[in-house]
């Protein structure tokens, strides 16, 4: 009995423990979440009611002086205000979608008034009263203006995302395209009027959509530019006459802008990537709802105009000139000026998914085209802007647009949006880890400073304000929806408490002019009600329709939800989707949230790197005050939205967010060791009689070192990079990240000639020269192209049927004709034809031949010119059949008639040499044999070369030429490589028509620092044998060269062939990866 009783008590204890854990499993009680939701509604209404009372119908509220904030007409250059405030009741338009969202929760009880829904409908009625119904008749004129016929010069971007986006989103809520719980709009016809009849007397029949169209039409003149990038600003009444080169700058009678580019008073044409490329969501939705495609087309043209100007390393800049398309600044990152471009690339894919598009232009118009931009952009960001755990904690910095070199250490508050975008894209791990830093920063400053430096730990350049920006709260909402981790609820609670504690005023919510001192600014930005309050509300309302709705809707960068309604979508399968050539999207799967740690509630709170972010934010330097004084304590009795708990911190900031209950931290949690980078400087002595001037030279892909005297190399040790996620561990390598205080990008290289380093000890343990056993360079002497003799006629030249499109010397020909001389002077026509002949002077391509020898007679004019010495990258073989290279000296890279290349006779085999034997005369009389890759193994190709007696005139080297299709990256490390293609079309030199697929790490021109990254070493998997099956007494050296048909053509024309060994450097036995010895 006693044993059974003990077991019974033990079982009860286990059940009690489990019930306790289950009760705590949510991390935050439903009642607490409900209270936070109610507090968020109070926050919104405290701002909204005061705006309607003190500022409407003006644009924004001054919360300190209880008055309206309007355009600064006395100072047109005050763009911080004038760019946004268009004199069209901006805060009301920005708040309508928030009212509609709040109207869904809590669900109104029977016979109870749904105040947010009524306020939403009343707000629309007020807009119609002030700005008309958007029609052309009498009803189209409001008490304030007819539509948006206002003399206001505004920024195109801000007007689209706030004005057009706010109106379209509110329209979709009004007609039921977007859900409002318990609101079921019906179109009815009463007394000759058709529409949705509301209790406030308004019959809604699309007034907001017509107003949005009116506003968009007034912005369209800004898109009349040579590049398709819109001008940054437009006058809602007078279009854009203030730009000198605008087609509207033609009114000389009433004033015309000076077209002198040196005029300092001329309007600047600089826009930004975000401003020009973040219009697709609003304009596409407007086009689909109205049936007018011009808005969507203009927005897409602008988007692609930005993307097509990305740098060679796949990055876009912030400032860009709308007229020239040139980047204004070489700095780039993920924040201000760039942010929403990345956001709209992914969200445009979501919004437009399943919709018809131009199948003739699939690479630009299809939804997948935008997804591809996001994937390529994210690759570039992760490669160049992201800094990993070795930099204390993962974060993003500012880098050079063209090289990726580090330029600045600051992060800005706008960049806090990126974690939400990563969450949408399924990059959950990256989103979680980088969001920690922003949470630690908010904990430290009780707000998000505009710009903060990871290097100094202080606010950067005096940018110390927080104007109520929503990006951090937005990302917190996305992460909570993806993980359901209560940690993010407490992050939102922290933001709510700090806003109430620091930003409350009697007349609304003020921004913080200084996050350190709490100094307030007399402005409540429209996005505070339109975004910040909205995302807080959605965070604390898990059952909201927009949190559970299965539809391709998106939130714009201004927080307005948009959707292309189902009635405008064709049934799936009506038209087959056309894939984008040369691109396969990543699998569309949603990652699982992090696995919870046993006996814990929050996987985020239990992360072993949570204090790494705290260390980077210098959170440990915060004062541990028990109370935080606030003037709002005096108003708590009269304002139920304020509570005393808002002015007391329950922790000493050891953990963050400061609202996090201590019980969410595992009792045995331990921080992991912070990763440290191995870095050191390698300095070289000052050399006597050495000029240091011009010692470094900027070249394509990096820096050329002309002198080692006094040089200092900054090096970092890191794992070898592979552009995929894999669990395989690669060897470490050193990378030169700085040279003589010049920062280098991750893919930049340092070039040194052999003459530059010949005076240094090659066995120095810190700078050891080593011969590359995997690669070398083929050196070729290429004769100049023959020039036709003057006696050759134009008809003879054209009879050669030369492909003029392959002639690189002339891309465009302009010939000035004089019609009178053409008719009266026969010699003029003769001179004209002679000019055309000289322009079209291209070489007559030799007939396909298996041999190329110095006995072939070039034209007499080309004999007087020296050949050009060129190099081709090649790899050395591995395996039991590999033979050493011939014992020849490395040639110079400059042509020297006194030191010719050793091999003159080259044989080009017409097929893959898999099913036939070479005649014995070929290896006896040719020093180089060229064979295309593919069809069979490398050993099989060598087996078909007959045995021959070694001599200087006999075969010295076999060159296998690889084509682009052979060099596709195959990173499927879990599966064996595919068998070689044995299709008949791939067995000869016809493969020259193949084109390589684009690499996301390449620039728009396809170039890359290491263009042969995918050229592997050929495997000779067996000892070399003769065709008769005997062991070959003299193995044949073999290399594999890249370049495809171009390389073959060079070998056909070559007068000489040689090999030049490659070298690389080791430091302490570790290879320096980006040091290239020329």
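Glycine is no exception: its Cβ is also placed from the backbone N, Cα and C atoms.
Within the set 923-969, 970-1016, the record from TrEMBL flags 970-1016 under the feature region 'Disordered'. When the active-site residues 158, 339, 471 are compared by the number of other CB atoms within 10 angstroms of each CB, 158 has the fewest. The Cβ of residue 450 (active site, proton donor) has 412, 413, 459, 463, 464, 465, 466 as same-chain neighbours under 8 Å, each 6 or more residues away in sequence. Spacing of residue 471 (active site) relative to residue 557 (Ca(2+) binding site) is 9 Å (Cα to Cα, whole number). A gap of 10 Å separates the Cα atoms of residue 557 (Ca(2+) binding site) and residue 158 (active site, proton donor). Note: the CA-CA distance between residue 158 (active site, proton donor) and residue 339 (active site) rounds to 14 Å.
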